[in-house]
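First up is the structure itself, then whatever we jot down about it.
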Amino acid sequence: MYVAALFFLIPLVALGFAAANFAAVVRKPEGTERMKEISSYIRSGADSFLAHETKAIFKVAIVIAILLMIFTTWQTGVAFLLGAVMSASAGIVGMKMATRANVRVAEAARTTKKIGPALKVAYQGGSVMGLSVGGFALLGLVLVYLIFGKWMGQVDNLNIYTNWLGINFVPFAMTVSGYALGCSIIAMFDRVGGGVYTKAADMAADLVGKTELNLPEDDPRNPATIADNVGDNVGDVAGLGADLLESFVGAIVSSIILASYMFPIYVQKIGENLVHQVPKETIQALISYPIFFALVGLGCSMLGILYVIVKKPSDNPQRELNISLWTSALLTVVLTAFLTYFYLKDLQGLDVVGFRFGAISPWFSAIIGIFSGILIGFWAEYYTSYRYKPTQFLSKSSIEGTGMVISNGLSLGMKSVFPPTLTLVLGILFADYFAGLYGVAIAALGMLSFVATSVSVDSYGPIADNAGGISEMCELDPEVRKITDHLDAVGNTTAAIGKGFAIGSAIFAALSLFASYMFSQISPSDIGKPPSLVLLLNMLDARVIAGALLGAAITYYFSGYLISAVTKAAMKMVDEIRRQAREIPGLLEGKAKPDYNRCIEITSDNALKQMGYPAFIAILTPLVTGFLLGAEFVGGVLIGTVLSGAMLAILTANSGGAWDNAKKYLEAGNLEGYGKGSEPHKALVIGDTVGDPLKDTVGPSLDILIKIMSVVSVIAVSIFKHVHLF
């Protein structure tokens with residue numbers, strides 16, 4: 001009873017904290033009438049897109065839920081819908097906050113002319129998204145655990161279940177897989193839809209506004225300016241929040257699935273009797289342990305967030321954000337050590353599942369995950385921040401022309417793949433050394449255990465960026481834009497760590513889900529056989545090799561589709577901007593207003609049209625290949641997708657980020673003799689335009705592709721293991 005109360009209490013407190021912060025921000029003044037007008041344009045555009053997107057998503061979600069109920073269990077379908085609702089709720093709440101906080105940040109900067117008060121409003125607004133991600137994710141998972149796991153007895157019955165179609169699975173593993181899939185589907189739609197929206201508007205605004213019309217960033221004469229600012233909220237707040245919520249849930253669920261299948265797999269046949277090598281009590285503790293771990297992390301995140309909100313405003317935003325993030329991380333590390341030891345210390349059979357140092361073993365794996373995430377974040381910052389040589393060199397190469405910018409940007413991205421990959425390799429090996437495959441899953445959870453703070457920091461950046469756009473469009477004092485730009489720059493630096501955690505956790509979780517895929521193939525006839533014979537994928541099997549090739553190819557086709565989706569929408573926007581510049585008298589002189597709504601309609605319509613196909617690729621690839629060629633082929637597909645997708649995600653994120661910051665390096669006055677409007681600047685604007693869909697659409701979506709394909713495969717493997725054409 002007390003445990004159940006604790007389970008509910010922490011997510012509810014987090015959501016209550018988010019509601020309090022929402023109310024506190026909304027009470028702050030919005031500024032001048034012009035500021036209110038611009039803010040209302042951004043807010044209505046974002047709300048309209050999100051409403052249409054949500055309707056489209058839930059039509060698909062209901063169909064998937066019905067299919068899950070038919071082919072697996074009704075509990076899986078219900079859990080899927082719950083995951084979709086929780087993920088969508090976090091995105092809606094976070095974006096509504098962001099579109100209300102932006103103008104209030106600009107007003108705080110305008111009235112005080114200080115960084116501290118503006119930082120406080122921006123971070124308090126961002127914390128609503130962060131707390132919503134942690135709160136809604138864990139509230140849904142706790143409901144699944146308590147209702148289906150405890151009340152309906154799925155955690156007590158860990159034997160293989162055979163449903164009416166003859167499909168074999170462990171019921172609770174199937175149910176939590178449904179919850180994870182619900183979160184993943186929302187993340188895919190939000191990331192793709194938001195990514196197409198924001199980058200199409202961004203590309204069009206840059207291509208015409210900066211290079212043809214010589215208009216500065218966020219100039220009110222540019223018809224795409226409002227759409228660009230709407231896109232920041234749709235893609236960088238709602239999309240990012242759904243992405244990290246899905247990663248967070250995926251890390252927890254992969255741990256639960258692995259633990260659930262340990263009971264039927266670790267069985268020894270002695271004579272005619274089957275003896276479980278790992279007691280049921282141990283398995284049940286390993287199932288609930290990752291949920292407790294995540295709850296502790298959420299509690300620590302609230303303390304880290306509270307530090308910035310209650311403290312006296314500071315003019316050093318980098319220090320404040322770092323203290324918030326590392327306070328959350330340090331508290332999580334310390335408190336989870338106590339949790340791990342006292343929760344697992346009396347359990348038997350831990351050595352059988354790979355715990356090398358007894359009860360404390362998974363905590364070591366979690367620490368490996370945290371340090372791996374920090375290191376991957378450092379590499380992301382090293383290759384993309386203009387404080388370091390790679391991006392400085394890229395910026396200087398613009399003097400030689402656009403071709404050199406593109407070539408050097410690609411070279412930088414390719415070279416940047418190696419250090420984080422080596423970090424991942426070592427992290428996986430050490431996590432596995434401490435606690436086996438379960439430890440690898442816990443390492444992913446360790447990276448994201450303080451996700452509420454990470455998302456708060458990441459969401460603060462787009463809010464500050466929007467505030468800068470509003471100040472520019474309202475022609476406020478240049479000092480206001482200077483303050484918001486400083487806040488945005490700090491957010492971009494800190495967000496590099498967040499991207500490292502997102503990419504790293506995706507790979508760790510994908511490996512755990514792949515192990516879950518192998519575990520999920522077990523049938524009642526396999527019980528008692530050595531695990532090494534049951535969990536076998538023959539790399540010399542032609543089906544496995546062929547599947548790996550197809551899986552690798554899928555990631556490139558998927559990426560190509562996303563880039564073309566962005567560019568098609570951007571081309572329509574470019575035509576519209578040119579039309580308005582040509583046909584609206586006095587527009588470029590500032591004597592007439594552009595038709596902002598027409599640009600919003602174009603980007604919104606195209607984003608909504610393009611977001612469904614990538615999700616169907618992710619869902620149908622394992623299903624179609626599985627029913628055609630069987631479980632071994634799908635195992636190969638997953639290997640190819642993970643390996644190729646991980647490398648491509650790092651490459652696109654870092655090339656795109658470097659092109660963006662190389663442009664900012666010149667704009668900051670670091671290339672003597674060359675400023676805005678010069679030929680090197682135009683070359684860097686083109687490089688930034690090329691990188692836009694790579695870093696903010698392709699890279700993040702690849703992470704989700706990997707996890708959706710893995711979860712769908714885990715759910716369906718027991719079907720196409722026995723039912724396939726060839």
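Glycine residues also receive a Cβ, built from the backbone N, Cα and C atoms like all the rest.
Relative to the membrane, Lys311 and Phe726 are recorded by Swiss-Prot on opposite sides. Binding of Ca(2+) is attributed by Swiss-Prot to Asp688, Asp692, and the same site annotation extends, among Asp605, Asp660, to Asp660. According to Swiss-Prot, Asn229, Asp232 bind Mg(2+) 2; the candidate from Asp47, Asp432, Asp458, Asp465 that the record adds to this site is Asp465. Cβ neighbour count for Asp202 (Mg(2+) 1 binding site) (all protein chains, 10 Å cutoff from its Cβ): 27.
Cα of Asp236 (site 'Important for ion transport') to Cα of Lys199 (substrate binding site): a span of 10 Å.
Rounded to a whole number, the C-alpha distance linking Arg191 (site 'Important for ion transport') with Asp243 (site 'Important for ion transport') is 7 angstrom.
By the count of Cβ pairs under 8 Å, the stretch nearest in packing to the transmembrane segment (74-97) among 123-153, 236-261, 359-379, 631-658, 698-722 is 123-153. Sequence-distant residue pairs (6 or more apart) of the transmembrane segment (321-343) and the transmembrane segment (698-722) include fewer than 3 whose Cβ atoms are under 8 Å, leaving the two stretches without contact. Residues 31-32, 34-35, 38-39, 42, 98-99, 102-103, 105-106, 109-110, 113-115, 118-119, 122, 216-220, 225, 228-229, 232-233, 236, 317-318, 321, 457-458, 661, 664 of the same chain, all 6+ positions outside the topological domain 'Cytoplasmic' (464-492), place their C-beta atoms under 8 angstroms from a C-beta of that stretch.
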